[in-house]
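Taking it in order: structure first as structure tokens, then the write-up.
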Amino acid sequence: LFDGIYPFYLPQRKAFIFDVSTIIVIVVFLTFACSFLLIIPGIRGRARLYWTFRVLLSLIVGVVIVAVQFTGDWETGWVKANTSYKSFSHALVNVDIGLHVGLAGVNVTLMGNPVNQVNETINYNEHFAWSFNADYDHSYGEGLEKGLPSPILYVAEKFTTQSPCGVHRQYRISGHYASATLWVAFCTWLISNMLFSMPVLVYGGYMLLVTGAFMIFSLLSFSTVRNSLMCPIQFGTTILRTGYGGSFWLTLVIGLLCFVAGITVVALHYFNLKLLKTFFDLHKDKAEEYQEMTEVYVNPHFVDKGL
């Protein structure tokens, strides 16, 4: 060991929920929100409350659609087990083993109970990517060369292309289509914001419905992996079981929220257009549209000629 770290082993490890991309997305949307809060005092009356509600709600939808692309907790599972720590060693350790599946890869977490056992610090979090620009088997091979603990390699091996489980292709394709569908939802979210900025509110409501539909489609795409037979990940007598994680349920909630908002806008358009325009601060446009002319100027030249 070199200062408690294996030589040639990089101490920087990818977090299983938040990584640099997720933090960048959150910071960008927080910047938009703070910029809006700086100008909100310039809006008068109840319109200030309406603007705040609409803008913050829209930013929440946008940041969720983009952020869940990079999170690693679409499917998660934990198990506590007594298992071997290294190959060619009979030493057993008490650890918590976590599996975190995202759209672009899988993270395997190994946490000792306690952290210091067998003269080592057991605290690992390894990422294995399977996106179309990454080679999962190559990442797994690098883990073998690093000499990662046996529990991590055992879990990661289940998702290799050569594994008898055969789940690598299913997870990879499902994650790819789920990600692509979310990007389409992001585009429709942008279009809905453009339509809401113009006096065509009902079409903005329709685009919100489309946004919610594509988010639900992404969930259906990812959930297809649950229909395939999953090889048991077993440590002694305990089995690591997975279920839908926070990103999956958050996407579902935001998708349903888009449905509710879209249906509300469309219903108000047909049953209470005045209230809808008041909420979007467009009630003045209607008054100006039907404003009567109080004074008319006529050119005397045309009057004299009977024109």
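Heads up, the Cβ atoms here are built off N, Cα and C, so glycines get one too.
Pulled from TrEMBL:
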TRANSMEM  16-39  transmembrane segment
TRANSMEM  51-71  transmembrane segment
TRANSMEM  91-110  transmembrane segment
TRANSMEM  177-196  transmembrane segment
TRANSMEM  202-225  transmembrane segment
TRANSMEM  246-271  transmembrane segment
Within-chain partners of the transmembrane segment (202-225) [C-beta distance under 8 Å, separation at least 6 from its ends]: 61, 65, 74-75, 103, 167, 170-171, 174-175, 177-179, 181-182, 184-185, 188-189, 191-193, 195-196, 244, 248, 251-252, 254-259, 261-266, 269
For the transmembrane segment (51-71), sequence-distant contacts whose Cβ falls under 8 Å of one of its Cβ atoms, 6 or more beyond its ends: 17-19, 21-22, 25-26, 29, 32-33, 36, 40, 43, 102-104, 179, 182-183, 185-186, 189, 193, 196, 211, 215, 246-247, 250-251, 254, 257-258, 261, 279-281
